[in-house]
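As given in TrEMBL:
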- Asn73, Tyr76, Glu77, Cys131, Ser166, Asn214, Arg219, Ser230, Ala231, Lys232: Mo-molybdopterin binding site (BINDING)
- 93-248: domain 'Oxidoreductase molybdopterin-binding' (DOMAIN)
Amino acid sequence: MKTYKPQAIPASEITPQALFNARRKFMQMAGGVSLAAIWPQALWAADKLAEVKKSAYSSAEELTPLKDVSRYNNFYEFGTSKDEPAINVGSLRTRPWTVTIEGEVKKPKVFDIDDLLKMAPLEERVYRLRCVEAWSMVVPWVGYSLAELIKRVEPTGNAKFVEFVSLHDPEQMPGQKAAVLEWPYREGLRLDEAMHPLTLLTLGLYGEVLPNQNGAPVRIVTPWKYGFKSAKSIVKIRFVEQQPVTSWMKAGPGEYGFYANVNPEVDHPRWSQAKERRIGEFLKRKTLMFNGYADEVAALYTGMDLKRNF
Ligand SMILES: Nc1nc2c(c(=O)[nH]1)N[C@H]1C(S)=C(S)[C@@H](COP(=O)(O)O)O[C@H]1N2
Ligand SMILES: [Mo]
């Protein structure tokens, strides 16, 4: 992973929210959905999500502005610098889209994305996202607990881990033409981590469907772990007996572990994890154990050596 370099957002740029509003107005004036096709994809978030209720799991911290959430991204399928995903995501087609559930489940199933949007009540969850590069954001995600999906497919007794697989299509994801990671992007969780109510099957942010650069149409968010655990644009969830080998473990086994819990006491071999820079702030803050979610998740790791299981 590239070392963190602060990158200013050029003041000349229009905020995405302004562009969304402009697009809406444009569509109202033009009076037709068909015209949406000629509006550059990267610049619009389509639908407002209806009936999103606020979740008690939300942090009360100040939100990171949408322009930062949608312009400062890690999504290597669209380039390795922070600004590239927002520029390049126009080639991602998020419809039709299915998520295949397979492996150790009694009810394997292929879910259509539009059914996933309706499967359980949508909640707004304001979570801190802490990247291993030592920056963080506060994002109002929209989705529901991944457990909602897991209970519907009924894992067998052999299911010990869950693997998430992102889309693999170099035509839509030009960054996959470079071998910066092994494609498709793969991540994983232990089954009890995946079942934890904080683990969010994420379909939107800021009240709208996910911008492509944030992992449309569906991603995972696991707020007590480093950001890279949160696989974007997922097409498959596999229930398995053995611990999956993730893309980042293959890229740097000594640097990126399977657990990847946010832990200020366990440094990355090349830099400290003790502090972080909240995007938009100048002074660094102290990183909190489990990214501040220790009360909720510490019990998952009772008796485990977190230095060894990094
Ligand atoms: N498929 C895929 N998922 C991914 C990544 C990626 O490169 N590809 N980057 C990860 C990293 S390192 C981080 S910090 C978060 C960033 O999410 P955001 O851009 O929505 O803030 O996405 C994660 N999920
Ligand atoms: Mo990250």
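The backbone N, Cα and C atoms fix where each Cβ goes, glycine too.
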For Mo-molybdopterin, whose listed binding residues are Asn73, Tyr76, Glu77, Cys131, Ser166, Asn214, Arg219, Ser230, Ala231, Lys232, the greatest C-alpha pairwise distance in Å: 19
Which listed residue (Asn73, Glu77, Ala231) has most other Cβ within 10 Å, given these are binding-site residues: Glu77
Nonlocal residues around Arg219 (Mo-molybdopterin binding site), in sequence order (Cβ under 8 Å, 6 or more apart): Thr202, Leu210, Ser230, Ala231, Lys232, Ser233, Ile234
Local Cβ density at Ser166 (Mo-molybdopterin binding site) - other Cβ atoms counted within 10 Å: 25
Secondary structure of Ser166 (Mo-molybdopterin binding site) (DSSP, helix/strand/coil): strand
Three-class DSSP secondary structure - Glu77 (Mo-molybdopterin binding site): helix
Contacting binding-site residues, sequence order - Ser166, Arg219, Ala231 vs ligand 1, Cβ under 6 Å: Ser166, Ala231
